[in-house]
Amino acid sequence: MRSVKSYQTSSNSNLISMPQPLTARRSAAISGRVKVPGDKSISHRALILAGLATGRTRIEGLLEADDVLATARAVEALGASVVRDGDVFEVLGQGVGGLSAPDGVLDFGNSGTASRLMLGVLAGYPMPVSLTGDASLCRRPMSRVLKPLMEMGLLVEDDRETLPLTVVGTQDLLPIVYELPVPSAQVKSAILLAGLHAPGRTTVIEPLPTRDHTERMLRYFGAEVDVETRADGSRAVTVTGDAELRGAHVIVPGDPSSAAFLVAAALICPGSDLTIENVLLNPTRTGFFDTLQEMGADIAVLDQRDAAGEPVGDLRIRSSALRGVRVPPERAPSMIDEYPVLAALAAFAEGETRMEGSAELKVKESDRLAATAAGLAACGVTARIEGDDLIVTGTGAVRGGGTVATEMDHRIAMAFLTLGLGAEEPVAVDDIAMIATSFPAFVPLMTGLGARLG
Ligand SMILES: O=C(O)C1=C[C@@H](OP(=O)(O)O)[C@@H](O)[C@H](O)C1
Ligand SMILES: C=C(OP(=O)(O)O)C(=O)O
């Protein structure tokens, strides 16, 4: 058994390291049968709920990437124990309300999800806790979670709205009804986690459905959660407070946001025939696959099944000629992390792809609208930003030949390495270090399937 405290990660140390550039070259078929690592969103939630549960939780398939290890360390720093036993992570939780003050600052590295969800947890504890992150995370907006949590009773020192910050929670949290001003599963989840400590019912109203892993997993651990879907498609999610969570057995399915890069590579490299096993197919996460099917992609879903409360299946992808499409704004939450790789694919399609209503992309690890448009321009692809929309003009072929600035963003790095596998000239990215935040095995896994990366 090994405690997570002994895991060293590359991104959250804030050490200045040398950039690690990498080049992608035009590749032949991407073929074989693979599994992608565990879903990042579900992995964060499994660790957090396990820490808040009484008794032992066993987590199979946890994503071992820097973002998730930041959550694991925070859960440990707050008094739960997290140990690895072979392929399974075992968490001994302290119960809702049973966590204790950490010795030092909680460092969330590059992870928006870890920091925002933990702010929701900390709202219920009357103790000062300081949170920080890397340069990218310290630029990202925290007011979106602090505002509702302050309505519930959280205090924030110095009125700060970005990390680093110090917060003090309370045992007397107020339950609230809160309508999300931005479609964000992180904000919804932070409020629901705080609601576990509040007496009565805490409700989050979401005009557009966002990923619902927190709701599903709260129920799985024994909390009372009601979801009402209204005629206009909005959802009211209510958690009943003073909840008790019981340790559970969680099985984390493969991450569709990581699978997206493999799918894209198989679509653009001629002669590919790739099967990805055990991919999470929760409908709040499948907007990318739906869009690809509209673009003419040959993707078959095989053997749909249930894995501990989440739908999963195997995907078989064969290389395909793609056509440009309009991606409507209401689809954005179900594919929010897949826009950079969709934009890369759109470059290989015939005709224009309009990705509408992508404002949230501006506040991710980088401004992904700007970084994607700049990367496409560096590769000779015509793309423009109109307001919150990204428009890519595909011609069926990509020149490549450029160096892409990844802006400390793992998804920009992986999207442009993928694009390079189909481009005429090699495509370099300036730094692959941040890939470790979500998909550390990306390069060896892709290389094993036939990708020319080096
Ligand atoms: O709740 C989650 O696990 C996530 C929600 C999304 O962020 P927002 O809530 O900011 O949209 C997504 O971009 C992120 O990668 C993971
Ligand atoms: C946006 C992402 O993650 P987070 O918000 O957790 O940093 C992502 O993984 O693309």
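Using the three backbone atoms N, Cα and C, a Cβ is placed for every residue, glycine included.
Lifted from TrEMBL, the feature list:
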ACT_SITE  Asp337  active site, proton acceptor
BINDING   Lys40, Gly112, Arg140, Gln186, Arg368, Arg411  phosphoenolpyruvate binding site
BINDING   Lys40, Ser41, Arg45, Ser184, Gln186, Asp337, Lys364  3-phosphoshikimate binding site
DOMAIN    27-444  domain 'Enolpyruvate transferase'
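Recorded features from TrEMBL, shown on the structure.
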residue	record	DSSP (3 states)
Lys40	phosphoenolpyruvate binding site	helix
Arg45	3-phosphoshikimate binding site	helix
Gly112	phosphoenolpyruvate binding site	helix
Arg140	phosphoenolpyruvate binding site	coil
Ser184	3-phosphoshikimate binding site	coil
Lys364	3-phosphoshikimate binding site	coil
Arg411	phosphoenolpyruvate binding site	helix
Arg45 (3-phosphoshikimate binding site) and Arg140 (phosphoenolpyruvate binding site), distance between Cα atoms, whole Å: 20
Residue among recorded positions Arg45, Ser184, Asp337, Lys364 with Cα closest to the Cα of Gly112 (phosphoenolpyruvate binding site): Lys364
Entries of Gly112, Ser184, Asp337, Lys364, Arg368, Arg411 (recorded positions) sitting next to ligand 2, with Cβ under 6 Å as the cut-off: Gly112, Asp337, Lys364, Arg411
Recorded positions whose CB lies under 6 angstroms from ligand 1, from Arg140, Asp337, Arg368: Asp337
Other CB atoms within 10 A, centred on Gln186 (phosphoenolpyruvate binding site): 23
Arg45 (3-phosphoshikimate binding site) and Arg368 (phosphoenolpyruvate binding site), distance between Cα atoms, whole Å: 25
Rounded distance in angstrom between the Cα atoms of Ser41 (3-phosphoshikimate binding site) and Gln186 (phosphoenolpyruvate binding site): 9
Sparsest-packed of the listed binding-site residues (Ser41, Ser184) - C-beta count within 10 angstroms: Ser184
Lowest local Cβ density among Lys40, Arg45, Arg140, Arg411, which the record lists as binding-site residues, within 10 Å: Arg140
Residue among binding-site residues Lys364, Arg368 with least C-beta crowding, 10 angstrom cut-off: Lys364
